[in-house]
Amino acid sequence: MTTKSAKMWFKISGNYPIGGIELCFYFVVWLSHSLLAFLLATNASRSVGHWLDHWLEPSSYSSALRMDNSDIELKLFRQSLPNVLGAFAINSVVFRLILRLGLSKNGRSLLLISVWFALNAYLASVRCLLLVIFATFVLLSVTLLSNCQLFAWAFAILAIAKVSVWAPFSSDPAKYYREFNFYLYSAIKAINLSVFLVRNRPAIRLDFELAMEFLQYLLYPPFSTAVIVLFEDFRCQFRQVNEQISRLKMSSLFCRAFRLLFWFFVLDFLLHLCKANAFFNSPFSLLEHLNHYEVASIAYVVGHLFHLKYFLIFGIPSLFASFDGFHSPGAPICVARVAKYSQMWRYFDRGLYNFLKEQLYIPLITFGAFASVHRQIGPNLATIFLRHFVPMFAVFAFVLFWHGLSPNYFCWVSLSATALIAERIGQSLPKWHTIWPNCSEATFVRLKAASMLFTVIPGIFGIFFFLGLNGVGAFVFRSLFLDGLSQILSLRIFSSNSAGFVLLHLFLLGFCFNNVCLFIDAKLKPANQRKNGKGSEKSE
């Protein structure tokens with residue numbers, strides 16, 4: 001390393017305990033292995049011959065090119081994009097015009113609801129909207145009569161789990177996709193409205209104005225099929241929308257739009273180059289013909305493609321919502337810098353996280369029976385389990401229903417819960433200076449990076465269950481982790497082709513990766529604190 005580059009890294013590291021040269025080594029290892037993973041995944045795509053060709057479709061850029069279209073959600077999202085962009089653009093123009101008309105509050109609400117109903121009917125269907133509005137009305141009526149939100153939770157969970165059975169759908173695949181999402185996110189909104197009624201029953205007036213606010217919440221197009229926002233937040237933002245529009249910086253919106261466009265083309269480029277998604281959407285027997293490094297690389301690339309997909313799925317409605325003066329949850333965190341698995345839950349689907357935290361986790365933690373037992377008996381193992389792990393179990397159970405009751409998702413949820421439990425146990429242990437008073441801060445950071453492998457491993461392998469077809473995640477888990485761990489324990493690690501050698505290599509890579517993530521978190525922490533918890537639209 002040159003003297004100039006060394007000085008640069010010392011300047012970047014600042015007051016961070018680990019020095020610049022060591023940090024530079026961790027970054028070089030991380031970045032070089034990331035690039036190598038993409039190269040290996042691309043090479044593996046070519047090595048299987050024509051076995052994946054049935055997933056390839058003609059490129060929209062050139063008839064001579066073909067791209068991997070095996071991700072059905074991404075394919076339907078791309079097909080829906082012209083309709084979605086057109087509807088959102090019309091909404092933004094009409095929304096601003098209506099705000100300037102000088103109508104009464106009720107007149108403005110009725111006009112907006114009419115426009116939003118028409119736009120959602122164009123994106124989904126009239127019968128889809130009427131069914132959602134009717135079901136929500138029935139659900140809220142039962143909630144008011146019983147003053148209990150349990151019925152809303154039960155009905156919404158049942159609706160989410162069986163939506164493809166009971167709900168009417170259009171035959172067009174792209175419209176089916178939009179209708180499915182409308183049903184799904186409307187179920188979340190129905191829960192939010194029911195919880196709002198139960199919690200605020202003595203303080204609210206059940207009048208025409210509140211009914212209009214409920215309909216606006218259900219029908220606002222950018223929040224209808226991809227982004228979860230609590231009713232209280234939507235209501236507060238809608239009342240301040242003129243003020244927010246006046247503060248809007250168009251340069252910031254153009255920058256975000258450019259970033260979305262840039263990453264859209266990057267994703268398309270990768271799908272033309274690499275067939276990683278096709279591997280994960282095919283029988284796992286195809287992976288059996290690859291070496292362990294190629295399997296690990298394909299799994300790594302699939303994770304990045306998934307992140308880019310949701311960066312676009314969440315980013316486009318969030319961009320239009322910002323233009324309308326609304327705040328939406330921030331973009332999903334980049335998976336290439338997540339070592340603490342709690343961050344994946346907190347910052348990937350931020351809207352779902354806020355919903356689960358505010359409507360399920362915190363209410364269960366503060367539930368009278370749990371809190372009473374905790375106060376009477378004290379913080380022993382039983383009360384900690386009752387107060388923290390029971391709510392966590394409820395959250396993961398809802399997540400399982402939200403994504404679908406399949407063995408793959410069950411394994412993903414189980415490994416994710418294991419990662420979070422390991423992280424929580426680590427946080428509850430005594431601080432480093434009480435155990436080892438003479439331990440330097442740099443040594444502590446290295447020990448922390450090593451111990452974080454216990455949370456990274458189950459979290460990452462859990463994602464492979466989530467992303468792959470039935471059997472794919474299990475094959476990756478067995479061939480890389482279980483076989484590798486068995487060979488490490490029996491010291492069969494001297495062949496570079498063995499699972500033990502590859503897993504040991506991944507452990508060392510994970511150590512470097514964890515150090516990079518800890519450094520990035522330390523540098524971003526002051527900026528995040530300045531945001532005071534407000535949702536940022538900036539991609540992390």
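Each Cβ is built from the backbone N, Cα and C atoms, and glycine gets one as well.
Feature annotations, courtesy of TrEMBL:
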TRANSMEM  21-41  transmembrane segment
TRANSMEM  80-99  transmembrane segment
TRANSMEM  111-144  transmembrane segment
TRANSMEM  150-169  transmembrane segment
TRANSMEM  181-198  transmembrane segment
TRANSMEM  218-236  transmembrane segment
TRANSMEM  257-278  transmembrane segment
TRANSMEM  298-320  transmembrane segment
TRANSMEM  360-378  transmembrane segment
TRANSMEM  384-405  transmembrane segment
TRANSMEM  453-481  transmembrane segment
TRANSMEM  501-520  transmembrane segment
What else in the chain is close to the transmembrane segment (181-198), if you only count residues 6 or more beyond its ends and a Cβ gap under 8 Å?
120, 123-124, 128-129, 132, 135-136, 139-140, 143-144, 147-149, 151-153, 155-156, 159-160, 163, 167, 204, 214, 217-218, 223-228, 230-232, 355, 359, 402
Is it true that the transmembrane segment (80-99) and the transmembrane segment (453-481) have 3 or more Cβ pairs under 8 Å, skipping pairs fewer than 6 apart in sequence?
no
With Cβ distances under 8 Å as the criterion, find the stretch in 218-236, 298-320, 384-405, 453-481, 501-520 that has the most pairs with the transmembrane segment (150-169).
384-405
So which residues does the transmembrane segment (218-236) touch in its own chain, when a touch means Cβ under 8 Å and the partner is 6 or more beyond its ends?
87-88, 91, 113, 116-117, 119-120, 123-124, 129, 132-133, 136, 178, 181-182, 185-186, 188-189, 192-193, 196, 313-314, 316-318, 320-321, 324, 326-329, 349, 351-352, 354-355, 358-359
Check for me, if you would, whether the transmembrane segment (21-41) reaches the transmembrane segment (298-320) - at least 3 Cβ pairs under 8 Å, residues 6 or more apart in sequence.
yes
Who are the chain neighbours of the transmembrane segment (111-144) in space, where the CB to CB distance is under 8 Å and they lie at least 6 residues beyond its ends?
80, 83-84, 87, 90-91, 94-95, 98, 101, 103, 151-152, 155-156, 159, 167-170, 175, 178-179, 182-183, 186, 189-190, 193-194, 197-198, 201, 206, 212, 214-216, 218-221, 224-225
